[in-house]
Amino acid sequence: MRPRIVVKIGSSSLTSSEGGLNMEAVGFYAGELASLRSAGYDVLLVTSGAVAAGFRKIGYASRPRQLHEKQAAAAVGQALLMRAYQNAFAGHGLTSAQILLTRTDFASRKRMNNASMTIDELLKQGVIPVINENDTVSIDELKFGDNDTLSALVANLVRAQQLLILTDMDGLYTADPRKSADAKRLDEIEEITAEIYSAAGGAGSSVGTGGMRSKIDAAKIATRGGVPVFIGQVKEEGDLLKALEHRGKGTYFATQLASLPVKKQWLGFTSSPLGQIIVDAGAEKALLHGGHSLLPVGVKRVEGHFHAGDVVEVRNAHDECIGRGIVNYDEEQLQAVLGLPTGEVVAKLGEVHRLEVIHRDEWITLK
Ligand SMILES: Nc1ncnc2c1ncn2[C@@H]1O[C@H](COP(=O)(O)OP(=O)(O)O)[C@@H](O)[C@H]1O
Ligand SMILES: N[C@@H](CCC(=O)OP(=O)(O)O)C(=O)O
């Protein structure tokens with residue numbers, strides 16, 4: 001299998017603040033992606049720009065703010081965006097395919113598998129998948145809000161070798177360079193800490209949405225899923241290949257982790273936890289560093305309403321989320337045995353199907 005590269009291009013790189021697509025930019029990026037294919041990679045594009053491409057055409061003076069107006073603009077703009085890409089890729093002898101996804105698609109493992117199989121087949125046939133959020137059906141709280149998160153979920157799903165997030169800034173700086181003249185670029189990031197988050201601000205232009213903050217969120221999801229990330233700028237011919245080869249103008253996020261199976265991707269990033277289990281320091285250590293399952297003895301408190309088989313979030317004594325897992329107890333059952341050593345659990349509940357509160361195989365660390 002050829003290595004897979006996911007490239008995300010933001011609205012700010014494809015459109016002007018007055019609205020409308022910058023055809024020269026679309027042509028340039030299509031050429032850069034074509035050169036990655038020629039270099040032996042399978043390429044997937046996650047592209048924004050539907051709203052920005054469509055709002056002028058539909059008659060709005062500036063980028064709309066109301067959800068229904070954004071959705072209408074996206075419906076017009078997505079067709080324009082796709083036509084532009086198809087023509088541009090055709091100029092390099094390449095066929096492209098439109099894929100529109102929502103967060104709910106990733107909340108279902110079945111739909112994730114279906115999307116994954118379609119993408120596999122497109123790549124096998126030499127087609128470039130061009131992916132955007134399905135703005136028409138995404139309602140406010142379900143929207144990715146920006147395509148950064150979507151690109152990270154896609155990169156994990158296809159087990160990409162690298163995720164390249166292209167934007168109008170040449171990387172992550174210690175502060176937003178538009179506001180702070182002495183901001184310095186961070187070239188390499190080994191771990192995404194609270195300090196890194198505090199450096200990142202919101203969107204820099206009237207067409208972009210997520211800003212650096214959502215790009216860091218995306219980098220966190222991708223690196224957790226075993227995919228290293230580049231956030232930066234690609235402006236001249238050959239820049240995309242340079243970015244891939246660690247010679248780009250931007251910030252690199254490393255990962256030490258191996259790629260995750262789809263079940264764990266779902267568990268960690270798109271499942272909906274129904275409760276919280278608060279654990280003591282010993283259990284935290286066992287889960288994070290010992291490679292162990294969670295036993296009732298380490299549970300301090302239980303919140304929410306859940307049944308065996310549901311997803312729950314696990315928090316430490318400082319109320320920080322440390323991971324998620326599939327719980328083997330109903331909430332009332334667990335309330336009855338929390339803090340108890342194994343012998344007492346069995347004495348109280350009789351033979352239990354599974355003694356572990358969360359089995360190691362059904363756990364993902366998120367700290
Ligand atoms: N610490 C930072 N380093 C670099 N850029 C930052 C930082 N904080 C905020 N930004 C802003 O993030 C913007 C890029 O995000 P955004 O406007 O959403 O672009 P896109 O449309 O490419 O997703 C930059 O133009 C910049 O002004
Ligand atoms: N799905 C939307 C994405 C919105 C957006 O602006 O995202 P981004 O430019 O990636 O911050 C669109 O195509 O307009």
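Heads up, the Cβ atoms here are built off N, Cα and C, so glycines get one too.
What TrEMBL records for K8, T167, D168, T209, G210, G211, M212, R213, S214, K215 is ATP binding site. Per TrEMBL, substrate binding site is recorded for S48, D135, N147. TrEMBL lists 275-358 with the feature domain 'PUA'.
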(message) Does any of S48, D135, N147, D168 have a Cβ within less than 6 Å of an atom of ligand 2? These are the binding-site residues; tell me which, or none.
(response) S48, D135, N147
(request) Could you tell me which three-state DSSP class N147 (substrate binding site) falls into? (result) helix
(request) Let me know the model's mean pLDDT on the domain 'PUA' (275-358). (result) 95
(request) Filter the binding-site residues K8, D135, N147, D168, M212, S214 down to those with CB closer than 6 A to an atom of ligand 1; keep them in sequence order. (result) D168, M212
(message) Neighbour count first, Cβ atoms within 10 Å, every protein chain included; then name which of D135, D168 tops the list of binding-site residues.
(response) D135
(message) Please report the distance from the Cα of M212 (ATP binding site) to the Cα of N147 (substrate binding site), rounded to the nearest angstrom.
(response) 12
(request) Check D135 (substrate binding site) against DSSP and tell me helix, strand or coil, would you? (result) coil
(message) Between all pairs in S48, D135, N147 (listed as substrate binders), what's the biggest Cα distance, rounded to the nearest Å?
(response) 11
(message) Let me make sure I understand the structure: which of the binding-site residues listed (N147, S214) has the fewest other Cβ atoms within 10 A of its Cβ?
(response) S214
(message) Using a 10 Å cut-off between Cα atoms, which of these binding-site residues sit near K8 (ATP binding site): S48, D135, N147?
(response) S48, N147
(message) Through the lens of DSSP with three states only, how would you label M212 (ATP binding site)?
(response) helix
(message) Let's check the environment of S48 (substrate binding site): how many other CB atoms sit within 10 Å of its CB?
(response) 29
(request) Across all the protein chains here, work out how many other Cβ atoms are within 10 Å of the Cβ of M212 (ATP binding site). (result) 27
